[in-house]
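Student: To start, I am sharing the structure in question, which I have written as structure tokens.
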Amino acid sequence: MTDEEDVKKSKSKEVCGYPLSIFFIVVNEFCERFSYYGMRAVLVLYFRYFLRFDDDLATSIYHTFVALCYLTPILGAIVADSWLGKFKTIIYLSIVYAIGQVVMAVSAIHDITDTDRDGTPDNLTLHIVLSMVGLLLIALGTGGIKPCVAAFGGDQFQDHQAKQRSTFFSVFYLCINGGSLLSTIITPILRGQECGIHSQQKCYPLAFGVPAALMVVALVVFIIGSGMYHKTEPQGNIMLDVCKCIGFAIKNRFRHRSSSYPKRMHWMDWAEEKHEKLLIAQIKMVLKVLFLYIPLPMFWTLFDQKGSRWTLQATTMDGNFGSLILQPDQMQTVNPILILTLVPIMDSVVYPLIKKCGLNFTPLRRMTVGMFLAAMAFVAAALVQIQIDKTLPTFPSSSQSQLKLLNMGSIPLTVTLPNNDPFVIEAATASANYLTFEEESIQVSFQSPAISRTISLAKNKRQTLLIPSNLSAPMWEVTDDVMAKPEQGANAIRFVNGMAGAVNVSTFGSIDYSSASNYSLISNGKATFTITNGANTCEYSREFGFGSSYTLLIPSHFVWGPTCSESISGVEDIQPNSFHMGWQIPQYFLITCGEVVFSVTGLEFSYSQAPSNMKAVLQAGWLFTVAIGNFIVLIVAEIAQIEEQWAEFVLFASLLVAVCVIFSIMAYFYTYMDPAEIEAQFRDKDGTEESDKEELQMQKKDFVDHHNEDDEAKQSKM
């Protein structure tokens, strides 16, 4: 730093001992993290329910995006340190970031291509292209500024403000977790609202629009403080120097691959002809740590699935917590809440207690435990999935048909079906379950009165036979039922009219005698329907859970009046989500414990084992392991094609346990080092070599001054 820069920095405004400029940086970071995590919280559901991707494709695109977000910081660091400087890099890439968020919000507006106004986009290709462009810009922006903002904040402090700088970094990371926590609470609520110009649908534009607005705010706040910042000039990037040195060593070793050349202690020693020995020694230390990073991506493979697979798992669960209704994507808030709770507990209670017990809980052992805890989290997720699967309906295969019988009359009926014992259907109710048949048509027989009908069935479908009160009626209607769990926790509801005359039901329209309405999706909670025949009106209310399907029957003996709603019966076609979302908390607890023990310790270990000027290289390596971990999810999701979700969870847990064993063996043979001591040895050696050179020069000078002495004396002096 020059004297001019020192003077300029010392004249910067201060508040309570802190440079005023850092307050703009803190606000900027909070808004940017809110923007990123808010958008990411609803992303997999946007892929699944708006763009209509299947679970595997939604998971793959999600993890590709996350991987890019952890690859681009390397590019951002190189651009900032070698070309633009931190300030300009943050400004330019924040503009790219904000544009990406706006494009994402626009891509979620279904009315853009909804020409028939039915609530679904007619040209999904346009929405997919816009969303992919938006995500690419966001990945470039958020990754590019990631390594710059914290370092730029640290640049604002003077040498005597070490305490304030330490406090700043604590507040900085608190803002990261605060922004993450608030955004994962708020954006799922916004997504759960309904909005639209011509038709009301889940409000993804608002869920993406608010993070976009926060990113614009972050950019504006950062620009406002531009006159107060201390801006350092680009001074070169150590990562480029490391790459050049490694590249030269490899190239030089290849040139001298012949056995005629003597071997060297380490392959990096082949760079000695061009690079300093100190730099080579520092790179050796870094490579030693990077070798330990090889197994680490598998941890991130599991960890980042809490935003994809675990969120999709939550869509099939009951989110009713009494007075609080949780959206599936809001379960992710458990992670930042537990982080804020567990980090101080680990540092203040758990680690000191382990130390008092006389156990040597080294950083690498902590990381091994963290990996094991993450594996156990996926075992817990598999157990939860097994319980969920028990509540899910079994649909017919391509060679099967399923049939349910609905008695719309006022008397019980005894029914006989092929390959089934006779059973009784009470008045205004349906058969208990769907019956599965292989035949294309079946004979339905009734004992009293004795009537038989041949019913044609459709393969790979669920159907309901509407049995009228008058069994002699010429036409019996067979309706097609829903063939999948209703999406996003909604309830598929329809009405069946068993009365002798048409009725009109709010939301469903007019329903003829012995006919069924179309299905309508109803949100969880209490719903009220108005039934009328023109002369009379009846109000019918019912509570709905998550993910169910009901057929509401207006029976033949329906009577208008104050108690009219009591005679309307509900037939459960698909049971609501019954396994509670709270059962995900143990897996979130285990994965967060693993994160605290693994991630925090891993960064601490890496920094302690890295030379002072190589910490950025290890940071890049650490982020690279996160990116590789997300690519592994993509490969497994697309290639493995495991049908049972619980089996995929077990596969990931098994892989991490295997990797955990490998890592523990590598850790056992790892020797901890003191980079400062090693660097000092090389500096001392360089200093000794310089002293020897100076002494040699003095001896040469002395030789010239005494050139008249005999040769033997000259040789002895030399």
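From the backbone N, Cα and C atoms, a Cβ is placed for every residue, glycine too.
Predicted automatically and left uncurated, TrEMBL annotations should be read as such.
Sharing the features that TrEMBL gives for it:
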- 683-718: region 'Disordered' (REGION)
- 34-51: transmembrane segment (TRANSMEM)
- 57-78: transmembrane segment (TRANSMEM)
- 90-112: transmembrane segment (TRANSMEM)
- 124-145: transmembrane segment (TRANSMEM)
- 166-186: transmembrane segment (TRANSMEM)
- 206-229: transmembrane segment (TRANSMEM)
- 285-303: transmembrane segment (TRANSMEM)
- 334-354: transmembrane segment (TRANSMEM)
- 366-388: transmembrane segment (TRANSMEM)
- 616-637: transmembrane segment (TRANSMEM)
- 649-670: transmembrane segment (TRANSMEM)
Student: For the transmembrane segment (90-112) and the transmembrane segment (34-51), does the number of C-beta pairs under 8 Å, pairs 6 or more apart in sequence, reach 3 or more?
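Tutor: They are in contact.
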Student: Quick test of the contact rule: Cβ under 8 Å, at least six residues beyond the ends. What residues does that give for the transmembrane segment (285-303)?
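Tutor: Same-chain contacts beyond the flanks: 242, 268, 364, 370-371, 374-375, 377-378, 591, 594-595, 598, 602, 605-606, 609-611, 614, 617-618, 621-622, 624-626, 628-630, 632-633, 636, 652-653, 655-656, 659-660, 662-663, 666-667, 670, 673, 675, 678.
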Student: How about long-range neighbours of the transmembrane segment (334-354): same chain, 6 or more residues beyond its ends, C-beta under 8 Å?
Tutor: 177, 180-181, 184, 306, 361, 584-585, 588-589, 591-593, 595-597, 600
Student: Please figure out which one of 57-78, 124-145, 206-229, 366-388, 649-670 racks up the most CB pairs under 8 Å against the transmembrane segment (34-51).
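Tutor: Counting Cβ pairs under 8 Å, the winner is 206-229.
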Student: Sort out for me which stretch, of 57-78, 124-145, 166-186, 206-229, 649-670, has the most Cβ pairs below 8 angstroms to the transmembrane segment (366-388).
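Tutor: The stretch I would name here is 649-670.
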Student: Do any residues, 6 or more residues outside the transmembrane segment (124-145), come within under 8 Å Cβ-to-Cβ of it, and if so which ones?
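Tutor: Distant contacts of the transmembrane segment (124-145): 32, 36, 39, 46, 50-52, 65, 68-73, 75-76, 79, 89-90, 93-104, 106-108, 110, 112-113.
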Student: What else in the chain is close to the transmembrane segment (57-78), if you only count residues 6 or more beyond its ends and a Cβ gap under 8 Å?
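Tutor: Residues packing against the transmembrane segment (57-78) from afar: 40, 43-44, 47-48, 51, 89, 93, 135-136, 138-140, 142-148, 237, 239-240, 304-305, 307-309, 312, 616, 619-620, 623-624, 626-631, 633-634, 637-638.
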Student: Hey, which bits of the same chain come close to the transmembrane segment (649-670), Cβ under 8 Å, at least six residues off its ends?
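Tutor: Beyond its ends, the transmembrane segment (649-670) has Cβ neighbours at 288, 291-292, 295-296, 298-299, 301-302, 305, 309, 362, 364-365, 367-368, 371-372, 374-376, 378-379, 381-382, 385, 636, 640, 642.
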